[in-house]
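S.K.: Let me give you the structure first, and then I'll get to my questions.
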Amino acid sequence: MAGGVITPATSGKDYPGNLTRSVIITCVIAATGGLIFGYDLGISALFSSLCASTITRVMGRRASMFFGGLLFAAGSLFNGFASKVWMLIVGRLLLGFGIGCANQSVPIYLSEVAPCRYRGALNQLFQLTITIGILVANLLNYFFAKVGGWGWRLSLGGAIVPALIIMLGSCVLPETPNSLIERGHIDQAKNKLIKLRGVSNVDEEFNDLIAASEASKLVEHPWSNITKRKYRPQLTMAICIPMFQQLTGMNMIVFYAPVLFQTIGFKTEASLMSSLITGIVNSLATLVSIFTVDKVGRRTLYLEGSIQLFICQIVVAIAIGAKFGFGGNPGELPKLYAAFVVVVICIFVAGFAWSWGPLSWLVPSEIFPLEIRSAAQSITVSVNMIFTFVIAQVFTLLLCKLRFFMFLLFAVFIVIMAIFMYYLLPETKGIPIEEMVVVWKSHPVWKSYFDQSSASASLEMGNKDKDTC
């Protein structure tokens, strides 16, 4: 059977539980961690996410979220009251550290708290708050720029608001049952699970969490174990998915949008209208993903989104190339023509917002076993930050050298990404998070990694038995 034509794996388990008010409120509060990522972004986040994995595992998900908010708040104060350049630098570093901690812990928290049938929707609240954070930050930046010489202080210092939200939220949130069990609080974990699921019969799920925790205790050093053969399928996704997310060309498309809005006639308001329209489209399309991801599955959204993004990149390349050519001077660009390109850009943003945007946080947070989950999420965040930084640095160069061919380059990337996801990503919809290994063991490409691992383990056990005899 071809790798892309796969019957979704099933663990044969359907834990009892409801979409309770408790779990909804919990996930909504936790998801506000995305606000600080949407409000600001720092490359230092890739370093802090590596450190945050230890905090997340040893002290719990809530502790990592709180420290993330605390660091982000400190950074916003440094920036808002900056009187020297070094204060701005320290502030930016602290903002990045805060983002790294929040991005490391929040997706894991949401995936562990949510019932498996609703995990996709609840996890993607994180992406929704990211889009809201981006929209609010852009609007505030626009209006604060009109205040005067001190407007920038309001813009930078305003970051303390989402920081306080995630700090206060982490204080009232319950710890995940997975984390409580991992740290030895067994009775407390069961009580939390009963409250979150809204039913008393949680024995099957609870026993699976216990088993996962026992397995995780055998792994003393997650960072050295994560490269083992049996984890390579998931590790491949943890690296490739965030990398591919940045190679969709989303940042490039959004950067180019204000130019077209100015052509249409918004003039000095072009930046505001670009941020407002693309921001609204981004948020609304994320809602589409929230309501469909647990019905149609992750793979379907990834593939549909890839097709949509590819078509839009080709159309934009043709439209821009036909008018700008190699010289870069479009002459008088007709408003109707520019409006058409703006519509295509909005379709592109929508495609990203219900596929590669939210899914690239969801899938990595749900595919790893407990013993290396925190370390793996750190890798996901770090790779995302690295490629965000790299693309931001080379964007202008690519635009000057390749011109409209740059859109075609990203279209090629999207084709590669779609093929990769079609053949190598198993469907994870509805699979309990601690039973996720079944989808990899039944996948036509990845199952060999587990077969060989099992064989090696059996051989090791056999040798030990002989030594004992």
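Backbone N, Cα and C atoms are what each Cβ position is placed from, and that goes for glycine too.
Caution: TrEMBL annotation is automatic and unverified by curators.
Below are the features I grabbed from TrEMBL:
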DOMAIN    1-429  domain 'Major facilitator superfamily (MFS) profile'
TRANSMEM  23-51  transmembrane segment
TRANSMEM  63-82  transmembrane segment
TRANSMEM  88-110  transmembrane segment
TRANSMEM  122-144  transmembrane segment
TRANSMEM  150-173  transmembrane segment
TRANSMEM  235-259  transmembrane segment
TRANSMEM  271-293  transmembrane segment
TRANSMEM  305-324  transmembrane segment
TRANSMEM  336-357  transmembrane segment
TRANSMEM  378-398  transmembrane segment
TRANSMEM  404-425  transmembrane segment
S.K.: Counting CB pairs under 8 Å, which listed stretch among 88-110, 122-144, 235-259, 305-324 touches the transmembrane segment (271-293) the most?
M.R.: 122-144
S.K.: Suppose I define contact as three or more CB-CB distances under 8 A, residues 6 or more apart in sequence; do the transmembrane segment (63-82) and the transmembrane segment (150-173) meet it?
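M.R.: The answer is yes, given that the two segments have at least 3 Cβ pairs within the 8 Å cut-off.
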S.K.: With a cut-off of 8 Å between Cβ atoms, can you find at least three pairs linking the transmembrane segment (404-425) to the transmembrane segment (305-324)? Only pairs 6 or more residues apart in sequence count.
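M.R.: Result for the transmembrane segment (404-425) with the transmembrane segment (305-324) is yes.
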S.K.: Establish whether the number of Cβ pairs under 8 Å between the transmembrane segment (88-110) and the transmembrane segment (336-357) reaches at least three, counting only pairs separated by 6 or more residues.
M.R.: no
